[in-house]
Amino acid sequence: MSNSSMSVVILAAGKGTRMYSDLPKVLHPLAGKPMVQHVIDAAMKLGAQHVHLVYGHGGELLKKTLADPSLNWVLQAEQLGTGHAMQQAAPHFADDEDILMLYGDVPLISVDTLQRLLAAKPEGGIGLLTVKLDNPSGYGRIVRENGDVVGIVEHKDASDAQREINEINTGILVANGRDLKRWLSLLDNNNAQGEFYITDIIALAHADGKKIATVHPTRLSEVEGVNNRLQLSALERVFQTEQAEKLLLAGVMLLDPSRFDLRGELTHGRDITIDTNVIIEGHVILGDRVRIGTGCVLKNCVIGDDSEISPYTVLEDARLDANCTVGPFARLRPGAELAEGAHVGNFVEIKKARLGKGSKAGHLSYLGDAEIGAGVNIGAGTITCNYDGANKFKTIIGDDVFVGSDTQLVAPVTVANGATIGAGTTVTRDVAENELVISRVKQVHIQGWKRPVKKK
């Protein structure tokens, strides 16, 4: 039984040489966020009183990227093994709390498995997460006597008989702070690697008569670490497959689960259909009967009931009411809002603008910093000229306005209800209700005109 108080140590000091990258290994993204963030999130969900993050290589970048004031940063200046890393964190351990040891490059460890490990830890003993492998080569072996764990021996230090053992150490364990500090102080580096192994505390605990309980993870992928990009990509696919399966079982129709990426959180209604190669980032909310076409990217957006997003459309920080249609090849940038029944067609970009109920922008337009009323038609090629090189200005368009093709609205400008803007017009002054505005150069016809001929 674990103590009521629990803190977590996350080892994240490694350079990750085999990643061949300037980025610290634990900052490489999995499902849209750094590997180590997955581990931090798990620790927080467990209710850890403190999270101690042991860092070394790329420490400043780690601090800048994670920017979490609740983390306690512990420097491991030299990487001399897992035991040495824990020794750096040991001064922060309270005697009466449990200490759970995790790894920043083992990102898929589940809260459920960790809760079982904490619950299984004997009073005053150690809880150890282990797995059995068909090919345990390279891993530390769990040594038992009469069924009881008595030690862990690393592969390089193991005898031939010990190498036949198929139960291996995952590195994840929990022990109480008082005993753990004492055992850490007794570690030495008299081994093939010349490092301080955290695994040596198992033999020390056994010598003290402490019980050591083992727990297996629900899935092997939970304890798989990342040392190179191949392993990272494999875990990415494992994670995405799991997310896709959960969505399918919850009623979301993924037309090809192997070509769907969830890099955040998806909240959804009923009868959702998502085509291939769709990417979900941040927190996305989909209402009932929403249809998402192939190749779309949705980030931090809300899409109302019965709306359809056609292929290759990008939505970021946008909000759509019910029965909206967007795309194909449209882009809604932060602050874009579509009222019920609004339509945005191909190659239309909307930024920090609201399109009113039933309004349409069908083709090739830019609408930025604008408030557009209900029942408005935005003709092809319309641009709200919102920026003078220094400041942004707003365009306001009332209800039932017809804006002809190739119109430029030079903000700040207001077009009142019912107005009509002729094609090719540049609007520089406010337009009153029900006015027709046209600004064009007089059309000239020259008979018999001959185009210039290139000199040979």
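Cβ atoms here come from the backbone N, Cα and C positions, even for glycine.
In the three-state DSSP assignment, the secondary structure recorded for HIS363 (active site, proton acceptor) is strand. Listed in sequence order, GLY345, ASN346, PHE347, VAL348, ALA380, GLY381 are the same-chain residues six or more apart from HIS363 (active site, proton acceptor) with CB atoms under 8 A from its CB. What Swiss-Prot lists as active site, proton acceptor is HIS363.
Mapped onto three states, the DSSP output places ASP105 (Mg(2+) binding site) in coil. Swiss-Prot lists 11-14, LYS25, GLN76, 81-82, 103-105, GLY140, GLU154, ASN169, ASN227, ARG333, LYS351, TYR366, ASN377 with the feature UDP-N-acetyl-alpha-D-glucosamine binding site, giving sequence analysis as the kind of evidence.
The Cβ of ASP105 (Mg(2+) binding site) lies under 8 Å from the Cβ of ALA12, GLY14, GLY16, LYS25, VAL26, MET35, VAL36, GLY225, VAL226, ASN227, each on the same chain and at least six residues away in sequence. What Swiss-Prot records for ASP105, ASN227 is Mg(2+) binding site, and it gives sequence analysis as the kind of evidence.
Neighbour list (ARG440 (acetyl-CoA binding site), Cβ cut-off 8 Å, at least 6 residues apart, same chain): GLY422, GLY424, THR425. Annotated acetyl-CoA binding site per Swiss-Prot: ALA380, ASN386, TYR387, SER405, ALA423, ARG440, in sequence order, evidence recorded as sequence analysis.
For 1-229, the entry in Swiss-Prot reads region 'Pyrophosphorylase', with the evidence type sequence analysis.
Under DSSP, the residues of the region 'Linker' (230-250) split into helix, strand and coil as follows: 20 helix, 0 strand, 1 coil. Per Swiss-Prot, the feature region 'Linker' maps to 230-250; the stated evidence is sequence analysis.
The region 'N-acetyltransferase' annotation in Swiss-Prot covers 251-456 and rests on sequence analysis.
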Inset, instruction - Go through ASN227, ASN377, ASN386, SER405, our binding-site residues, and report the one whose Cβ sees the most other Cβ atoms within 10 Å. - result: ASN386
Inset, instruction - Report the largest Cα to Cα distance, in Å and rounded to a whole number, among the residues ALA380, ASN386, TYR387, SER405, ALA423, ARG440 that the record lists as binding acetyl-CoA. - result: 23
Inset, instruction - With TYR387 (acetyl-CoA binding site) as the reference Cα, tell me which of the binding-site residues LEU11, GLY104, GLU154, ARG333, ASN377 is the closest one. - result: ARG333
Inset, instruction - Average the per-residue pLDDT over the region 'N-acetyltransferase' (251-456) and send me the rounded value. - result: 98
Inset, instruction - From the binding-site residues ASN386, SER405, ALA423, pick the residue whose C-alpha lies nearest to the C-alpha of LEU11 (UDP-N-acetyl-alpha-D-glucosamine binding site). - result: ASN386
Legend entry - Residue among binding-site residues ASN386, SER405, ALA423 with Cα closest to the Cα of ARG333 (UDP-N-acetyl-alpha-D-glucosamine binding site): ASN386
Inset, instruction - Using all protein chains in view, find how many other C-beta atoms are within 10 Å of the C-beta of GLU154 (UDP-N-acetyl-alpha-D-glucosamine binding site). - result: 19
Inset, instruction - Output the one of GLY14, GLY81, GLY104 that, of all these binding-site residues, has the highest number of other Cβ atoms within 10 Å of its Cβ. - result: GLY104
